[in-house]
């Protein structure tokens, strides 16, 4: 386990070091009005939605699945909440709006689970349906406009501080919860069993369908909360751009964290590291002033490098010694 | 033993003393094999006998640990299937390995397309493909896309691809398993054409009628060893089956004494009446008592696994009733069977049994944990006690609960799978080929375990390709042939010969090829 996380950890350290060299003030923190500010805090705050979505994605990927719809689901959550809040400034309306949005997200997760576990459609196709249709739903909800709200309570979710940004506290809380639930109950083991060998698990009496269904609902709820953070941070719902391509970042975070896309064993700590790497990378692009037109190329190069150093074959080539590669 | 022709040509392939071991299994032991030009040679043996391993050794997939392969008089050591093909050994596998979206011609010449000006010369390619197809008398348009044709024609295209290169040896691994009688006849016609051209054909099939129709000579393997090489005309079905199923005494004699024949008279645990599933197994009646070992005997494809899967709910029955403990039981899936105390250890350890990337501990408790549901995890201490108990009881090595099951030898994997079900304390344990492909020591331990379990009151349904083994440990033997239950014998008085007689039972009329 330690070994598996070593490379992501080194990659993160290297990225942070690069930032420190370019911007010596990157690590400095300051307190202002009971809130912590600084480059590191920014990384955490901006990375919170990605981390949250990556957590849901980790469990989905562990069952051999994938969920492409999370970005669209995030947009729907933001849209529903903002439309519900409208011009109201009351905390009650905000909470009710968020509750409605999350319940809706759970229903969307049920839909994904139905397509994958119920009808047996390939996950990448099944969730592609909602990935494209979901944006349309969000457009319908917002009637094609960018809906802005002015609600202090809602603003707290994505932009508020309790010393640390509230968004990252929420994400870490969910991380803790998932870690606790999957490792203290048998859920984690059963998820892995289903991911490694669905047929053997079925014959051992595992309720594979229920488990697959559960992880898609969980992923959708995570996406919903992330959508609330994104929308709350700017006090607006943008059906087109909220959470755009965040599914790709989340999948990358999971893969960088060492969970195989082939399903099976997963690592939540790895996903945490992966999400931090992705966000630090995005921040780095700005701090070191990479030209905007090559930003994506730069990100791609770093991601490929991180994935390569994790591959046994590449490492063998790097260290010039023979490593047993299972054929 | 004389080759089919009066003046025997030298063998095109001669394998001498081939041995190959995988971790924990001796897949091939000192096997000799000869293949003559212009003959159809059937390679016979039950599952795990080493047929495919021997073929893969010939075609360069595996490298033997010992022995030599001589091709056309020269010793060869292929390190890849490509090299073997280059040397004139072509293989057609059971599943068609072609690209359905390409044309017939492209498939036949894939990787060796005729070229012109740096591009592919399509007219020349179609012409060459047409010539190859004509050689085996298949008249289809080489420019048509492969996917338009039925599987049987695709199989013929695969053969055309195999002989498009200069091919001295053609290996056909179960080519008939998805063909109907007319298509089989067409395939055989082509095989005869090639044979008469001097190609040596190695043919694997578990349909005895087909083997007797097409082959000139056969080699029989059992448990990775050579049993015999015969002219097909010289050996009758009964002898052949007896050789395939075999007598494997010696190391297992100890078990025989332990398993004195008993007459269990426990209460009836399970009663199936007219239970069946179309295309899998004809409706059958079966009664199993507590503490009884019921053996299922039959050849591969006789319906023994299918019967077991129905009793476990792995497949749903479409006729008949099942009564457990005097109460009717509708099996909606494995979960309802497990709840009724039925356990099923599949013959396909890797595919349907173990979760290879999880630890021994997780695999051991999987069935029990699944029955409890994820919200009620087994306490760590209970888990450790169970794991420790079964690691010791079944002598699983390494005795490290954290070792990944993937890294274990076949015998130890089988024991882990067994232990997973023993943990649930089943009342009926269905063991499908629990001793296949594992070494003799582990085999003896598992047989011993079955006897002990039965003595303690567990009912066991025991399936094995090895008849010796079934006869030795069963109190009652159910004989299957062609997906039908044909007899039920008292295990205490039945001998292997009697069962062989039933299984052979002459030609099965519906499988005779025109």
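Just so you know, glycine gets a Cβ as well, placed from its N, Cα and C.
Residues annotated as transmembrane segment in TrEMBL: A:43-61, A:68-87, A:93-117, A:124-141, A:161-181, A:211-230, A:242-261, A:268-288, A:294-312.
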Distal contacts, the transmembrane segment (A:43-61) - CB-CB under 8 A, six or more residues away: 67, 70, 74, 123, 164-165, 167-168, 170-171, 174-175, 178, 182, 191, 195, 215-216, 218-223, 225-227, 229-230, 243, 246-247, 249-251, 253-254, 257, 259-261, 263, 266-268, 271-272, 274-276, 278-280, 282-283
Feature contact check the transmembrane segment (A:161-181) with the transmembrane segment (A:68-87), CB under 8 Å, 3 or more pairs: no
Close approaches to the transmembrane segment (A:211-230) from elsewhere in its chain (Cβ under 8 angstroms; 6 or more beyond its ends): 48-50, 52-53, 55-57, 59-60, 62-63, 65, 67, 69-71, 73-78, 81, 98, 101-102, 104-106, 108-110, 112-114, 116-118, 157-158, 167, 170, 174, 178, 187, 190-191, 194, 242-243, 246
Distal contacts, the transmembrane segment (A:161-181) - CB-CB under 8 A, six or more residues away: 34-36, 41, 44-45, 47-49, 51-52, 55, 59, 187, 218, 222, 225, 229, 233, 268, 272
